[in-house]
Amino acid sequence: MSEQIPKTQKAVVFDTNGGQLVYKDYPVPTPKPNELLIHVKYSGVCHTDLHARKGDWPLATKLPLVGGHEGAGVVVGMGENVKGWKIGDFAGIKWLNGSCMSCEFCQQGAEPNCGEADLSGYTHDGSFEQYATADAVQAAKIPAGTDLANVAPILCAGVTVYKALKTADLAAGQWVAISGAGGGLGSLAVQYARAMGLRVVAIDGGDEKGEFVKSLGAEAYVDFTKDKDIVEAVKKATDGGPHGAINVSVSEKAIDQSVEYVRPLGKVVLVGLPAHAKVTAPVFDAVVKSIEIKGSYVGNRKDTAEAIDFFSRGLIKCPIKIVGLSDLPEVFKLMEEGKILGRYVLDTSK
């Protein structure tokens, strides 16, 4: 029996960038011919959502806006052109809500780089609401019976770090440094790296985060609040420097340090997006060491399916804390203060 779809729902909305977050009644969207209507049960909270709210990236958001792009829920409606889905399927709302599927980037599986990409919680109302729409081609298929609260962070954080590790192209047994390892992306990056056979040196601040990342499989921990020379500490922990570095923190300094501590032929992958930041790399050292500096955006449909498969096989545990949708302003506050361990997940029924 299909679900009765209401006319209005609860959502967290802001009318201006930097404006007040309001938990209020909001219209339930009608899916376009190519879209699913998903009853969002849970949504992760990503640092990108904070940037969308502030409007501090060089890409304009829609306004008013419902943020969120880690929504896990159930298909309750669909447009007439949708194929491959049925009512009752578990579905995920990702950062990439839709793309043109005809440009050179879409044709080579690089849909996130599409010039017409529609972004959940940025240019398209996202998952901080009870009912949301998503392009049926890009929506993530979630296996039946999956714990929707726990899988929610995989839809962005998990896919993003998994793609970054693939971009680093490291071999099993090699070292990878993960900066910001105790946060939402970092805690998943540690686990995906271990599941891929890599040795992990985690970088973050404080004893609590050190214990946390080691419990997830990090072999070594460098504490930026205690180690005076981060570059040397990382090199020492990895016998000369890691073979790759995944920068998920929003620290420009951490990015610059990663260029210094990777060993010759090392690969520096940029994931976190600190506002207005630049990468500074000594050209002589970069050439002589033959290092690579790469950007890694979110994954495509194949990356998403693979990242969810790692989770479904029990190789990835999402360290989550569940709070109500109405608690989003407090979660943003904790995020700005750097006080989040793991990932916050919002229960849209509260």
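Cβ atoms are placed via backbone N, Cα and C, with glycine included.
The NAD(+) site recorded in Swiss-Prot comprises Gly180, Ala181, Gly182, Gly183, Gly184, Leu185, Gly186, Asp204, Lys209, Val271, Gly272, Leu273 together with one of Arg53, Arg343, namely Arg343. Among the binding-site residues listed here, namely Cys46, Cys103, Cys114, Cys156, Cys46 has its C-alpha nearest to that of Arg343 (NAD(+) binding site). Cα distances from Gly272 (NAD(+) binding site) to the binding-site residues Cys46, Cys103, Cys106, Cys114 are smallest for Cys46.
With a 10 A radius on its CB, Gly180 (NAD(+) binding site) counts 26 other CB atoms from all the protein chains. Reduced to three states, the DSSP call for Gly184 (NAD(+) binding site) is helix.
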